[in-house]
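Engineer: Copying in the features that Swiss-Prot gives for the protein in this structure:
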{"type": "BINDING", "residues": "Cys434, Cys440, Cys479, Cys483", "note": "[4Fe-4S] cluster binding site"}
{"type": "BINDING", "residues": "Cys483", "note": "siroheme binding site"}
Amino acid sequence: MSEKHPGPLVVEGKLTDAERMKLESNYLRGTIAEDLNDGLTGGFKGDNFLLIRFHGMYQQDDRDIRAERAEQKLEPRHAMLLRCRLPGGVITTKQWQAIDKFAGENTIYGSIRLTNRQTFQFHGILKKNVKPVHQMLHSVGLDALATANDMNRNVLCTSNPYESQLHAEAYEWAKKISEHLLPRTRAYAEIWLDQEKVATTDEEPILGQTYLPRKFKTTVVIPPQNDIDLHANDMNFVAIAENGKLVGFNLLVGGGLSIEHGNKKTYARTASEFGYLPLEHTLAVAEAVVTTQRDWGNRTDRKNAKTKYTLERVGVETFKAEVERRAGIKFEPIRPYEFTGRGDRIGWVKGIDDNWHLTLFIENGRILDYPGRPLKTGLLEIAKIHKGDFRITANQNLIIAGVPESEKAKIEKIAKESGLMNAVTPQRENSMACVSFPTCPLAMAEAERFLPSFIDNIDNLMAKHGVSDEHIVMRVTGCPNGCGRAMLAEVGLVGKAPGRYNLHLGGNRMGTRIPRMYKENITEPEILASLDELIGRWAKEREAGEGFGDFTVRAGIIRPVLDPARDLWD
């Protein structure tokens, strides 16, 4: 064994309270149904506060008015975030019309938020509208099962590959993996869809009675696009094609970005290559990875419970051998693959079937009618006439997919009139933020509300140094949990306190290297001053085609993170 830190396969010790909660929940039922009828509070109480996450919801409140309400002796304005399960981000126009109506009529904020996990969220659902939202989703063939908490979350799939045929095949696998790893409990159907309690005993053959130790994220990726940021995910199937046809996958396991400020036992980690598998073994291997993590993941410390930590504790080879044993296969050597970028191709792209795909840039993924830019109304109008489907991308954008030549002009006219095709700089197209304030309870600094004006300033710096036609992959995340995927950016800002961020440099354009902290706890003017100097140097000193992140490493501005489990904090 050449492992650096082989440790115990199972961590002994006192289990976390989350483990007690799951065990006592009667397969995720808890007392959610009773709590729904409690009109004294706008929120869910006790264990239910966490159990609703397994049903795709987070309880939040509006932090902009929290102090004011406390002064008035009122409880926080509780409202739920709901995240839909949408493998591969594909949504029909009929489904879109239904979610548009619900967002407008039944949420506080009236918006649809596209996320970088290729689905949509509603923010601001009051308790009385919680059951109706699940029933609305069900009526159009959608659900929110397992999009949060200790399960396999929404499965991602490259949205707009160069080979349309490959997308169809890869997308089918994303759906199959998602379905295969879903919880089997009937709690969701009983509570939200009023389905009868059946006398049979619940069983969870894959996830187990206490589900997974921590969240688990899966992707299907079609090189050379890495739009789904595979290294942020626990389990990744990299599509290998021969003559444009999918033949199998390379498996990479153990990526993840979440850290805790100052806690050196936490680290972001890129995924490890396990090997190649033919298509027919895909579901067996997916199940084997999940059950190995189920059995070996750390249930005594939630900050050390993700797959990345299990791999480092037991060793990559040990984990891989166990997956092979459980799946009954031997991995073949990794097949060659490479990534060239991860941005979306904004605008019209022709597919191989003579249909067109229109990728619309949606800043921060927030779909709402703004003054002079009625984005939400425009998309609704397109949904009413478009015969194909919509695809949400992992960059929080939206693709109008499968447009015949004869419909192009009509759809483009609506898109332009609604501000959906306004020209933006390459820099803005390659920047991203998580939601953060006012709804996220974990937020330490602004992200979504900060990004637009911050990018205005970056655009000015790019123009000043003569590189306006270039871009730097730039991301802002409001806290170190890392939903904005700043820990795979060339320039990553991680929220530390209101108005203050840690500045990370040295990632790359392809998303295969973790950036290192360059400056800690600094303000926007300090960030801009640093970037002004560094962008100026990059513009003058870079080699042909050299991205900003690679330049900062080559020029010795920042040391590259080579082995994140051991050198991220050095």
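Including glycine, each Cβ sits where the backbone N, Cα and C put it.
Can you tell me where each of these features sits in this structure?
Structural biologist: Sequence-distant contacts (6 or more apart, same chain, Cβ under 8 Å) of Cys483 ([4Fe-4S] cluster binding site) comprise Asn116, Cys434, Val435, Thr477.
Cys483 ([4Fe-4S] cluster binding site) carries neither a helix nor a strand DSSP state and counts as coil.
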Engineer: Which three-state DSSP class does Cys434 ([4Fe-4S] cluster binding site) fall into?
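Structural biologist: For Cys434 ([4Fe-4S] cluster binding site) - judged by DSSP and reduced to three states - the answer is coil.
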Engineer: For Cys479 ([4Fe-4S] cluster binding site), write down the residues of its own chain that are at least 6 apart in sequence and whose Cβ falls under 8 Å from its Cβ; none is a fine answer.
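Structural biologist: Long-range Cβ contacts: Ser436, Cys440, Leu442, Ala443, Met444, Ala445, Val494, Gly495.
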Engineer: Check the binding-site residues Cys434, Cys440 for other C-beta atoms within 10 angstroms of each C-beta and report the one with the most.
Structural biologist: Cys434
